[in-house]
Amino acid sequence: MEPGEIHALLGENGAGKSTLMNVLYGLYQPDEGEILVDGKPLKLKGPSDAIGAGIGMVHQHFMLVPVFTVTENIMLGAEQIRGGIAGFLDRRRARREVTEVSERYNLRVDPDAVIEDLPVGIQQRVEIVKALTRDVDLLILDEPTAVLTPQETEELLTVMRSLKAAGKSIVFITHKLGEVKAIADRITVIRRGKTVGTASPEASRDELAALMVGRNVRLTVDKTPATPGEPVLEVAGLVVDDDRQIRAVDGVDLTVRAGEVLGVAGVQGNGQTELIEAIMGLRPALAGTISLAGDRINGWKPKKVLRAGVGYVPEDRSVDGLIKEFTVAENLVLDIYDRPPFGAGLALKPDAIAASAKERIEQFDVRTSSAEAAVGTLSGGNQQKVIVARELSRPLKLFIAAQPTRGVDVGSIEFIHSQVIRERDIGTAVLVVSSELDEVIGLADRIAVMYRGRIIGIVGPDTPREEIGLLMAGISPDAAHDAIAAPAADKPGATTADSPGVADGSPASDAGSASEDEA
Amino acid sequence: MSTMAVPDIAVAPVDEGFWTRSRKVGLTLLALGLLSAVLFGALATDQQARFTLSDDAAGTALEINGTIGAILFGIITIAAGAALLAGVPKRWFLPVLGVGLVAFVLSFLCWQVSAAPTGQNFMPLVNIIRGTFILALPLIFGALAGVLCERSGVVNVAIEGQLLMGAFSGALFGSISGSVWVGLVAAAIGGAFISLLLAVFAIRYLVDQVVMGIVLNLLAVGVTGFLYERLMQTDAAKYNSAPRFSNWEIPLLKDIPVLGPALFRGNIFLYLGLLLVLVIHIGLFRTRWGLRTRSVGEHPIAADTLGVKVLRVRYRNVLLAGVVAGIGGASYTLALYSFTKNMIGGKGFIALAALIFGRWNPTGALLAALFFGFADQLATYLGAINSVIPSQFLAMLPYLATILAVAGLVGRVRAPAADGKPYIKG
């Protein structure tokens, strides 16, 4: 790393990027090898050593205490103290320092705001200010854009540039190609814990993607135009609260027809989770109606919804989709274990379960040592394939997939996408929710954008990504159209909607590079 | 930074409907007020209800006609309920609720005192307040031990055991040495010993903290019970006759009417308990120690990434909790009684309830402990004047209130986020 350099660390999920950086930040201990700072080897026993050596880190999951104020979070661990041994906090001095740093780097934060009341983008800013108050020279940003809207991402890239101008070095960990190309000075690609190459930002997306995954991957989803039929799922005026009794879905109307994929795009936490859970009967609908092929299914138990012909891939497979300690075969019949041929009366039929498991493992290309292996021992992609296999093995009217490829390797993504399209082509209505815009664009025949509990617009898959990005940030369709009309005009060829990158989930990348061009 | 402004187009206010929490509480209060005005008013007699302000029954007193008082205070409760129902600003919610509840209690007392047998139509306020504090004292220490422990993320169900071990070692070593101070130090060490076991098993060996707490309580009962029978009972004069702290009168303060004789002629434990509430409150919210403690209890990983030694903070706080609870146990054996088997008798669990009722805050815990102490004291008083209300019924009320509080009726009760979750590095 050079001073004043932005170094991108690019790699697939699970390639070892975060682990490497956690070692650098002293959270994990290296088994072998050493870290050199200014030519001298550095021994890090813990994060405080790293901070002492001028290394700061913004973690993927923010390291902020939700009930503390911004100032309290920033001063923690390096408290300004008065009153000697009693150690009274000098909040006034701490506050002043926060204000000073945030003004110097143009990172506006309210020092007295409580973290849990702040939007994610601002929380990230607090994290950066926290690192900067500790006088770091090297700032590690671990997947900083995963939770941001395209516009927030753009702001972050601006912040990174101004930090670079101030002489700070930045390590930028990501798997999103667009952002890397927009900002990095140097790119190191990591695969399976090894450096597989370095590249300059001029390298094309395809080259970078190939380096990341080790083979050429298709960045598009093959599909024919949809032939929509009758409406299968109709949602009208749906209102749902989240766990904290705060309104999460606020009057949603949706229709999904047989033989089409409706994609729901949006930054995570805008009510997508609650919408799906309400449809599945996992969460009460406070108002509105949900009907499935004409039957009103409000208030049905999840089991009844499933039996009515709904397939469901939940967004967090480790919590909802699988029982990790159970075998692959058992997980494959979790939905129908009590029905023939798998169950009769009180007894299970192990032979039938094993036979069907064998068949489906083959059909869905699940890589497992055996059908009797615990599902928890499989890789993320193969776990997801088990869920998809289970859900698609029943005759379905409606298939709901929430974040179907989160934490899944590129090979499995391709396979899962092709299965989703296959299901559409046999006439099932499909509802896909994903925070990866490219996935939605690639799969969907129509895209509904969700923002603060509402569907803010429904657009076709050919819509420019900038426009969808603005919708995701809550700018209504007309305004969005006006807002991008100007910049879109003077950058021809920047639209990537016709070739969405699977491994590139960065909707703002083009907007980011555009603004750089203008500057 | 120049980004386009994001208009807040879909910020729908969370509409709670007409029945907000404040209105529901208001309606309940209104019902209570009606009950007290009508029922207590009808049952009260024309006797004067006297609330005496001095130590003797004949001295100065606040007096009110029983019937009038019961109805008057009932009406105040109704008014408070109606105010909440009509809608008051948020910051007025607690004060109005407080007025309403106090008026309800007063209405009840007007009935009870006026209906007491002739000659007993008075309530000695000094005794009631003093008794409230004495009964609340172990709860205060216990709840503070809970605050120290749980704010750092370790559930402390072992308060009972810590109190008991403190009481026991205070009595034993106080008796042997003949010094109250040696007894006090021994009590602190005894409580800390139980804490040490909790800390090692919960933090080092990741044993479920609730299960561990319960086991430690049983251990404390067993060990102290065994030693009591084998040691103390055989030679009580030598092993179970600890010297006691005498009452200290605080100059000036002791002359305040009512409060002076009730509070400022007590023993060292009363002063120590109140002082600790203040010290721990300031410590938690104003010092580096407090900030780190709370961060470790809320988000230990975040604290770790900033160089806070999570496990060390937890060990230290759990041990401190044991010291505080141990001293609380000594408030029995070095001031009031000699040691008996299982003498804490569940107060540690009530302290746990006070901790939750007080929302993991030192001052909140103090108020909750006083509330429990008052209910306890009231039950005793009503028993003495042969009230028609069974004292067991009254003794039950504080716990009913705790259940309602924990169920979220009196606002959201939120424990430290990492409470009870062991921290495993990496």
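Glycine residues also receive a Cβ, built from the backbone N, Cα and C atoms like all the rest.
As recorded in TrEMBL:
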type     : residues  : note
TRANSMEM : B:25-44   : transmembrane segment
TRANSMEM : B:64-85   : transmembrane segment
TRANSMEM : B:92-116  : transmembrane segment
TRANSMEM : B:128-147 : transmembrane segment
TRANSMEM : B:154-174 : transmembrane segment
TRANSMEM : B:180-203 : transmembrane segment
TRANSMEM : B:210-228 : transmembrane segment
TRANSMEM : B:268-285 : transmembrane segment
TRANSMEM : B:318-337 : transmembrane segment
TRANSMEM : B:349-372 : transmembrane segment
TRANSMEM : B:393-413 : transmembrane segment
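No contact links the transmembrane segment (B:268-285) to the transmembrane segment (B:154-174), because fewer than 3 Cβ pairs that are 6 or more residues apart lie under 8 A. Proximity of distant same-chain residues to the transmembrane segment (B:25-44), defined by a Cβ-Cβ separation under 8 Å and at least 6 residues beyond the stretch ends, is recorded for 66-67, 69-71, 73-86, 93, 97, 100-101, 103-104, 107-108, 110-111, 114-115, 409-410. Taking Cβ pairs closer than 8 Å, the transmembrane segment (B:128-147) reaches residues 156, 159-160, 162-163, 191, 258-259, 261-263, 266, 269-270, 273-274, 276-277, 280, 284, 321-322, 324-325, 327-329, 331-332, 336, 344, 347-348, 350-352, 354-355, 358, 360-362, 365-366, 368-370, 372-374, 376-378, 380-381 in its own chain, all 6 or more past its ends. Counting residues 6+ beyond its ends, the transmembrane segment (B:210-228) has Cβ neighbours under 8 Å at 155-162, 164-165, 167-168, 172, 194, 197-198, 201-202, 240, 339-342, 348, 420 in the same chain. Taking Cβ pairs closer than 8 Å, the transmembrane segment (B:154-174) reaches residues 138, 141-143, 145-146, 180, 182-191, 193-195, 198-199, 202-203, 209-210, 212-214, 216-221, 223-224, 227-228, 231-232, 239-240, 242-243, 314, 317-318, 321-322, 325-330, 332-334, 338-339, 342-344, 346-349, 351-352, 419-420 in its own chain, all 6 or more past its ends.
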